[in-house]
Amino acid sequence: MTKLVKKNVKKKAAAQLPADAKTGYAAPDEARPGEFAKARIALLATRWNTDIVDALVAGARQCLLDWGVAEQRIELIRAPGAFEVPLACQLLLESRFDGVVALGAVIRGDTPHFDYVAGECARGLIEVQLKTGKPLGFGVLTVNTVRQARERAGPGRANKGYEAAAAMLEMLRLRKELS
């Protein structure tokens, strides 16, 4: 094959890849009719960086609606900040909720505060999932700049809130299938 033909084959193959291929994220299967209609889902959002977090909330809510979760079964709860998110998620999962989507934005500053907050939030959320056995979507952005945060909180399915909600629903499905 000539170099020109090889180049055109690569371009065609790249053009046929789904939009999410550049991130490596494979879009989940569509929800089955009625599958999540009765699920009670909490959107837990932090109060810091509210413009960004509110965009993540909108993305997560849209995903839940797209997958058939009833609007009246979605509740928005606010936590003071990312450090408080693990305990808040545990309290929610130990109550009436089938799943939680944790949403926030931790943006690096000039001190090591970012490292402590981001790391402990992620570690705490893993522990909560394992302790409760219930799914938790991780939509807490850990970024270096506000620009990076805004890019990840944009419209559509590339919104990290949307992705976190989809991951939580997939785990809710898996939990049901394996029980």
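Each residue's number is its place along the chain shown, starting with 1.
Glycine too: its Cβ is placed from the backbone N, Cα and C atoms.
Residues annotated as 5-amino-6-(D-ribitylamino)uracil binding site in TrEMBL: W48, A82, F83, E84, A105, V106, I107, F138. Counting only residues at least six positions away in the same chain, the Cβ atoms of T46, W48, N49, I52, V53, L56, V140, L141, V143, A149, A153 sit under 8 Å from the Cβ of A105 (5-amino-6-(D-ribitylamino)uracil binding site).
Per TrEMBL, (2S)-2-hydroxy-3-oxobutyl phosphate binding site is recorded for D110, T111, R152. Around R152 ((2S)-2-hydroxy-3-oxobutyl phosphate binding site), taking its Cβ as the centre, 20 other Cβ atoms fall within 10 Å, counting all chains.
Per TrEMBL, active site, proton donor is recorded for H113. For the recorded site, H113 (active site, proton donor), the DSSP three-state label reads helix. Neighbour list (H113 (active site, proton donor), Cβ cut-off 8 Å, at least 6 residues apart, same chain): empty.
Each of the binding-site residues W48, F83, F138 was ranked by the number of other C-beta atoms within 10 Å, and first place falls to F138. Take W48, A82, F83, E84, A105, V106, I107, F138, the residues named in the record as contacts for 5-amino-6-(D-ribitylamino)uracil: the widest Cα to Cα gap among them comes to 16 Å. Least crowded of the binding-site residues (A82, V106, I107), judged by neighbouring Cβ atoms within 10 Å of its own Cβ: I107.
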